Amino acid sequence: MKDKFLVTGGAQLQGAVKVYGAKNSVLKLMAAALLAEGTTTLTNCPEILDVPLMRDVLVGLGCDVTIDGSTVTITTPAELSSNADFPAVTQFRASVCVLGPLTARCGRAVVSLPGGDAIGSRPLDMHQSGLEKLGATTRISHGAVVAEAEKLVGANITLDFPSVGATENILTASVMAEGRTVLDNAAREPEIVDLCRMLRSMGANIEGEGSPTITIEGVEKLTPTQHEVIGDRIVAGTWAYAAAMTRGDITVGGIAPRYLHLPLEKLKIAGAKVETYENGFRVQMDKQPEATDYQTLPFPGFPTDLQPMAIGINAVSNGTSVITENVFESRFRFVDEMLRLGADANVDGHHVVIRGIEQLSSTSVWSSDIRAGAGLVLAALCADGVTEVHDVFHIDRGYPNFVENLQKLGATIERVSS
């Protein structure tokens with residue numbers, strides 16, 4: 001039976017919530033543990049569905065993995081399987097991040113083409129071309145990407161687009177390559193910086209992370225490490241928008257506000273009061289938000305993962321706004337569900353024009369991906385009556401204790417079997 005949420009609108013969310021490790025970091029860090037024989041420990045891990053899925057992938061490759069609350073322990077053997085071509089791999093997008101480590105450790109990798117959120121085309125072209133620049137041959141065969149290399153050699157690589165996934169796979173493939181790799185137009189996301197911090201603690205020689213150019217000097221061997229996962233800026237941003245949309249007052253801990261600089265600035269423009277601290281922030285809103293234009297871009301631009309929240313707040317704002325999606329072409333399918341809730345919006349290519357209204361109307365809606373699901377719950381909190389949110393398994397993949405946290409903040413929400 002698939003679960004659904006019953007969400008009653010009208011509550012002004014108030015209180016404090018702490019975010020744990022980033023989904024977009026922990027899965028890549030787990031994969032990076034493949035690079036070193038021995039036991040690597042990750043702390044501050046989020047208790048979300050994708051972590052046990054990645055455990056299953058690593059176990060299938062020969063690792064021993066234990067999950068104890070927010071701590072994940074990975075013991076990597078001397079001899080790994082290079083074949084990640086089994087069902088667990090197809091269930092979520094991040095599984096492709098084993099491609100780089102397996103190619104580096106085994107000289108060969110077979111990785112099933114991954115699944116995950118239905119938010120547009122996310123081809124592996126840049127992953128493959130990056131590995132090929134390092135000396136590997138790659139091909140797509142029978143639903144899997146295959147990489148083979150007698151040895152990897154450092155190279156100058158320029159990405160067509162600052163892809164997070166391609167940056168990660170090139171990093172993990174090049175840390176033990178012979179010589180120097182210079183990666184230009186690299187992704188600058190905080191999760192990339194977190195991966196580089198972990199790799200450096202394992203003995204990698206990396207400079208420039210957080211900038212468009214990352215330089216890697218290959219080393220012969222990496223060693224296991226202990227590492228604390230960076231806080232989840234997307235979950236933190238979701239709580240920030242929850243405060244503003246419900247005209248509430250929420251304090252968020254466990255996240256450096258600099259990672260959410262632009263979203264918090266956008267909330268200020270919409271009329272929210274924002275206070276920032278060393279490891280958290282507070283968002284207060286006591287009136288209808290003002291319409292605010294957005295465009296999604298790679299970090300440090302506005303994150304595409306918060307685009308549903310930008311649509312949500314503008315749906316209940318004063319005025320007309322334009323949201324431009326520059327990263328994933330299919331992310332506007334979320335708008336169809338917002339229309340069910342009574343939003344006044346229309347899609348034109350990679351833009352959506354929203355005319356704000358005072359209140360949305362309760363109905364039944366369906367999640368299509370992790371962030372759309374969370375965005376629909378926030379929108380339901382701004383509707384009259386009770387809204388049914390279906391396919392909430394998507395939300396479980398990215399938001400730990402979502403219902404419990406909302407209830408603690410004053411929302412009326414329950415999980416039931418549909």
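Positions of Cβ are set from backbone N, Cα and C atoms, glycine also.
UDP-N-acetyl-alpha-D-glucosamine is bound by R93, D305 in Swiss-Prot, and the record lists one more residue there from V72, V283, V327, which is V327. Each of the binding-site residues K23, N24 was scored by the other Cβ atoms within 10 Å of its Cβ; the lowest score goes to N24.
In the shown protein chains, 26 other C-beta atoms lie within 10 A of the C-beta of D305 (UDP-N-acetyl-alpha-D-glucosamine binding site). In this entry, R93, D305, V327 make up the residues listed for UDP-N-acetyl-alpha-D-glucosamine, with the farthest two CA atoms of the set 16 Å from each other.
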